[in-house]
Amino acid sequence: VPNAQPALEGRTSFPEDTVVTYKCEESFMKIPGKKDSVICLKGSQWSDIEEFCNRSCEVPTRLNFASLKQPYITQNYFPVGTTVEYVCRPGYRRELSLSTKLTCLQNLTWSTAVEFCKKKSCPNPGEIRNGQIDVSNGILFGATISFSCNTGYKLFGPTSSLCLISGSSVQWSDPLPECREIYCPAPPQIDNGIIQGKRDHYGYRQSITYACNKGYTMIGEHSIYCTVNDDEGEWSGPPPECRGKSLTSKVPPTVQKPTTVNVPTTEVSPTSQKTTTKTTTPNAQATRSTPVSRTTKHFHETTPNKGSGTTSGTTSLLSGHKCFTLTGLLGTLVTMGLLT
């Protein structure tokens, strides 16, 4: 049999009624409707068989955008010159200017398939208030669009939608989401102060201003604003503090009290005056004369004990200066720390 080989399966003898089947050689296909086997008849004769193998193209190429029409789906014999026809798959539309047919060529290959079916387009997705739609992948069949919200808003609903087949057309798999404004919690209150311009809600970038009550000083920022972190509202920082003014305490000046000073002193003797070293004692009291009607007062020196090198502090300081005004005296005593 031309272009075919019998499948003997190792047999060398063929008794009467033995059936032998043939198989087409490579690049040949069995012609539909023709027998591919013979039988051993009486008298050791084989039954007649016609040529049943012929050159044929392989099963037509599978196309992503189209499928074979019904008569060609189960066919496996495609001799040279055979033409097959396609139909657009769901989700695609026909390009009327292009042919939907392919032909088996002499080299047993199919003619090149042009894209005679184009993807259908989903409807315009529209807009999201306070949000964005990413359509960088297009809106044709099989495309995915994604949704996002502007800063300060939170997305409620699907984050994406796919263009899918819906009946004889295509539609989006999910509706548009909603972008809702994010609010910060109620602003923190402060002691001894107020919040100026309070409102019911505080959205993204909205601020509040603090003010201190009279007599208090603000420590920190006067204003804070609403910001967003992981789709949750939070304040930009802590509130300020209102602190009372501190009263300055009166601290007496530090006075260095000398232990030994050199002052001029006059002895009771009417004819001599000399300088001696006197040691001051802060707790000693000065002896003064009876005050007169004016503010000038006279003080008299107390003669020290013989053999002693010290006198009372007041006496030693006033020695040689017989007259002091009351104001000057008081100032001296304050400086010495004897009066406060």
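Each Cβ is built from the backbone N, Cα and C atoms, and glycine gets one as well.
Disulfide annotation in Swiss-Prot: C53 is bonded to C24, selected among C24, C40, C57. Cross-referencing C117, C122, C184, C212 with Swiss-Prot gives C122 as the cysteine bonded to C163, criterion being a recorded disulfide. The recorded disulfide partner of C226, taken from Swiss-Prot and restricted to C179, C184, C242, is C184. Out of C88, C104, C117, the record in Swiss-Prot bonds C57 through a disulfide to C104. Counted over every protein chain shown, other Cβ atoms within 10 Å are most numerous around C163 among the disulfide-bonded residues C163, C179. The disulfide-bonded residues listed here (C24, C163, C212) include C24 as those with a Cα within 10 A of the Cα of N54 (N-linked glycosylation site).
When the Cα atoms are compared, C88 (disulfide bond) and C122 (disulfide bond) turn out to be 17 Å apart. The helix, strand and coil residue counts that DSSP assigns across the domain 'Sushi 3' (120-181) are 0 helix, 31 strand, 31 coil. Taking each of the glycosylation sites N54, N107 in turn and counting other Cβ atoms within 10 Å of its Cβ gives the largest count for N54. Packing around C226 (disulfide bond) is summarised by its Cβ count: 22 other Cβ atoms lie within 10 angstroms of its Cβ, all protein chains included.
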